[in-house]
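Taken from Swiss-Prot as is:
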type	residues	note
COMPBIAS	61-70	compositional bias 'Basic and acidic residues'
REGION	31-74	region 'Disordered'
Amino acid sequence: MAKKSKVARNEQRKQIVARYAARRAELKELIRKPSTPEADRAAAQAALQRLPRDASPVRLRNRDAADGRPRGHLRKFGLSRVRVREMAHRGELPGVHKSSW
């Protein structure tokens with residue numbers, strides 16, 4: 001079980017990333033385009049740096065939806081490997097069964 005503060009901080013970051021996503025994409029496109037004048041490119045880079053640090057999607061962490069475990073996250077389920085195993089054994093994940101060969 002992850003600390004509640006870590007889970008809450010990650011949720012806050014998700015909201016900040018969503019809020020600034022369009023502006024970041026716009027600025028990054030300006031910086032990336034070769035036809036952008038050098039002065040505009042420098043202004044766009046400065047504006048991008050002025051955005052909050054948590055607006056970058058790289059700072060998000062994939063966490064288990066049930067208990068917030070940060071490692072062993074399986075995207076398909078949104079759960080950690082430990083939680084997937086437990087739920088699969090109990091039959092709570094439709095279409096998932098223990099393989100044997």
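Including glycine, each Cβ sits where the backbone N, Cα and C put it.
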Surrounding residues of the region 'Disordered' (31-74) on its own chain - C-beta under 8 Å, 6+ positions past either end:
1-4, 6-7, 10, 12-14, 16-17, 19-21, 23-24, 80-84
What are the DSSP helix/strand/coil residue counts across the region 'Disordered' (31-74)?
21 helix, 2 strand, 21 coil
